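Here the structure is laid out as structure tokens; the discussion comes afterwards.
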Amino acid sequence: MTPPSGVGHTTRPLRATWRDYLALTKPKVISLLLWTTLTAMFMAARGWPGLGLLVVVSLAGYMSAGSAGVFNMIIDRDIDLRMKRTATRPTSSGLISTRDAAIFGGALQVLSFGMLWVWATPLAAWMSLAGFLTYVVVYTLWLKRNTWHNIVLGGAAGCFPPLVGWAAVTGDLNLFAWFLFAIIFFWTPVHFWALALMIKDEYREVGIPMLPVVHGDRLTVAQIGLYAIYTVVLSVMPVFLGEVGWLYFLSALVLGWLLLQRSWVLYRHVMAGNKVERKVAVPLYLYSMLYLALLFVAGAVDRVLLG
């Protein structure tokens with residue numbers, strides 16, 4: 001198969017394997033999304049949600065998020081080719097054609113929606129589809145190349161997984177479920193701007209208006225600190241609504257303190273006139289993922305053990 005015009009050549013085998021199609025789904029990105037889905041199911045059930053439902057939601061959730069990743073790679077294949085981090089993706093390298101990728105991504109989304117509708121709840125299916133459309137249409141097609149608010153608004157796509165899990169168990173969405181949505185919404189800029197600071201030159205070269213590219217490092221670290229504060233405040237509010245107890249509260253305080261501490265280290269480093277270095281940005285980037293994972297675990301354990 002000859003790579004399409006304008007797409008770089010590759011020394012890799014021309015026949016795509018199942019591993020290449022798996023790479024289209026962005027499995028590393030999906031792991032944290034799926035984690036918030038499954039832990040939200042335990043929170044909603046206040047116990048074991050059932051093996052069958054866990055399997056269905058896990059598979060359907062992966063396929064829906066994977067489908068979004070596929071269409072993101074299709075749309076962004078021109079800029080992916082020009083960025084070191086993404087140049088070898090199957091679509092940008094020409095290993096998998098746009099047509100084949102679109103068929104694969106579409107099939108994943110249809111299967112996901114059908115599985116959730118039939119074996120979970122219709123609301124879970126709609127929430128999953130909403131997340132897909134937010135990521136592909138709102139973020140990738142509209143915001144990513146046009147505004148530095150891309151991560152803030154488009155990041156809402158990553159907030160839907162816990163709603164999917166909650167709706168799969170209960171068939172509705174209460175206020176606590178929307179708090180889970182809001183926590184991820186305000187957490188997202190902290191996580192992705194820490195990454196953007198490290199690869200802002202690549203974003204600049206391909207014309208993506210990430211915050212560090214448009215407004216510089218100082219405003220970026222200030223915004224990271226602000227969103228970290230929002231995240232921590234939101235994380236403890238469900239305690240005062242009676243949705244979670246002392247175990248979650250203590251966990252949220254400790255985890256939140258560490259998130260603020262790492263944000264402060266990055267803020268102080270940049271405001272002192274230093275260039276962003278991996279040794280100060282990477283700890284925040286990596287810890288932010290651990291923070292979200294453990295916060296959701298704390299919520300699940302608290303509601304399961306303490307009722």
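Just so it is clear, glycine is given a Cβ too, placed from its N, Cα and C backbone atoms.
Predicted, not measured: the structure shown is a model, and the values here were computed from it.
If you look up Swiss-Prot, you'll see 29-49 (among others) marked as transmembrane segment.
The transmembrane segment feature in Swiss-Prot is assigned to 51-71 (among others); the stated evidence is sequence analysis.
For 101-120 (among others), the entry in Swiss-Prot reads transmembrane segment, with the evidence type sequence analysis.
Per Swiss-Prot, the feature transmembrane segment maps to 124-143 (among others).
If you look up Swiss-Prot, you'll see 151-171 (among others) marked as transmembrane segment.
Long-range contacts of the transmembrane segment (179-199) within its own chain (CB-CB distance under 8 A, at least 6 residues past either end) are made by residues 36, 40, 43, 83, 85, 151-152, 155-156, 158-160, 162-163, 166, 210-213, 217, 220-221, 223-224, 227-228, 230-231, 234-235, 237-238, 241, 243, 259, 263, 266, 276, 278, 281-282, 284-285, 288-289, 291-292, 295-296, 299. What Swiss-Prot records for 179-199 (among others) is transmembrane segment, and it gives sequence analysis as the kind of evidence.
The transmembrane segment feature in Swiss-Prot is assigned to 218-238 (among others).
As annotated by Swiss-Prot, transmembrane segment applies to 239-259 (among others).
What Swiss-Prot records for 280-300 (among others) is transmembrane segment, and it gives sequence analysis as the kind of evidence.
Counted over residue pairs separated by six or more positions, the transmembrane segment (101-120) shares fewer than 3 Cβ pairs under 8 angstroms with the transmembrane segment (280-300), which leaves the two as not touching.
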